[in-house]
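Notes follow the structure.
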Amino acid sequence: MLATRALRLVGKRAISTSVCVRGGHGVAKVEDYTLPAYFDRRENPLPEIRYVQTLSPEQASLKEKEKGSWAALSNEEKIALYRISFKESFAEMTQGSAEWKSIVAGMFFLVGFTGLIVLWQRKYVYGPVPHTFEAEYKEKELQRVLDMRMNPVEGFASKWDYENKQWKK
Amino acid sequence: MAHPSQLGFQDAASPVMEELLHFHDHALMVVLLISAFVLYIIVAMISTKLTNKYVLDSQEIEIIWTVLPAVILILIALPSLRILYLMDEINSPLLTIKAVGHQWYWSYEYTDYEDLGFDSYMIPTQDLLPGQFRLLEADHRMVIPVEAPIRVLVSADDVLHSWAVPSLGIKMDAVPGRLNQTAFIATRPGIFYGQCSEICGANHSFMPIVVEAVPLEHFENWSSRMLEDA
């Protein structure tokens, strides 16, 4: 009995047809996310519902005029009708923002800050490097690497010209 | 050994390593091409002005992007398996050396003809002679004759170690209680460095492997001298 009455209301579109009617036990709560929603999406150009749901009297009379010949509508009226149906135009919804500038600025700042931390670490945290990093030692190492013909095919020693005692051009 | 900021492999000193170099070039090229292609697709998808981006069904491209990756995988797998079986081929080694990992040094045993065995400890940084490589030099090198097939039996005395020499294309785990066999031929004379490749305790980074490939007479002189010194 209750279900029949509820169904008649549904038939009159007084309540949304996405309502779940539980036989004899009443109607389940209607959640917002189950109802058709408005959205502005480039890949889905036609939203499910109009943007402006409750029309003001001028908008309502404009909608009546829309039922007639469209050639009789002025440009402002056409734009007003568009704004009733849609929130943003294609150009407005696809435009970018200036957010990238603040992102890049933040990125540079953090990189600089990391650099400061690294410099501080090198001065105050780490001990001295081994003596094998001294320039004189590195020269002797380089000489030894070349004398031993390390990687002579395509690697290190292959880049040294042994006849003229210099790097190959 | 590798030079600072080196990106690629060291030059090959054995035929297997040469094959691995070429295979790596091949596989890396495939990977680079696929990555470039995917990057292009991503950029194209993001920067397109088209509105209809949701295609729901297309048989042709589905066939292509199923068959083509299968073909690419086969093109990678065939050379890979070839090298895998190449490494396992029957060779007749002229010399068998046992490399045993300890905490934290290697010991080498040449027991084919006489009983020669010695330990190989890393030379500490403060004891290096000018020009020697830090953390890579050892007091006794594993000397082998050049251009001779060598068999190495790798094992360990205490915990897991791994005997690795990149320029020879060798890495073999040293497992206590187990003998792992690997073989190689050094195609050119020289000194080839490697480092222990399985975490084994505090000094895991300080037990390097140094292989010295020399002509046969030099090898004979060296082994006689080592036997006298022992």
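Backbone N, Cα and C atoms are what each Cβ position is placed from, and that goes for glycine too.
TrEMBL lists B:1-91 with the feature domain 'Cytochrome oxidase subunit II transmembrane region profile'.
Under the heading transmembrane segment, TrEMBL lists B:27-51 (among others). Listed by sequence, the residues of this chain that lie at least six past the ends of the transmembrane segment (B:27-51) yet keep a Cβ under 8 A from its Cβ atoms are 72, 75-76, 80.
Counting same-chain residues at least six beyond the ends of the transmembrane segment (B:63-85), those with a Cβ under 8 angstroms from any Cβ of the stretch are 16, 19-20, 23, 26-27, 30, 34. Taken from TrEMBL, the feature transmembrane segment covers B:63-85 (among others).
Here TrEMBL flags B:92-225 as domain 'Cytochrome oxidase subunit II copper A binding'.
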DSSP residue counts for the domain 'Cytochrome oxidase subunit II copper A binding' (B:92-225), split into helix, strand and coil: 19 helix, 63 strand, 52 coil
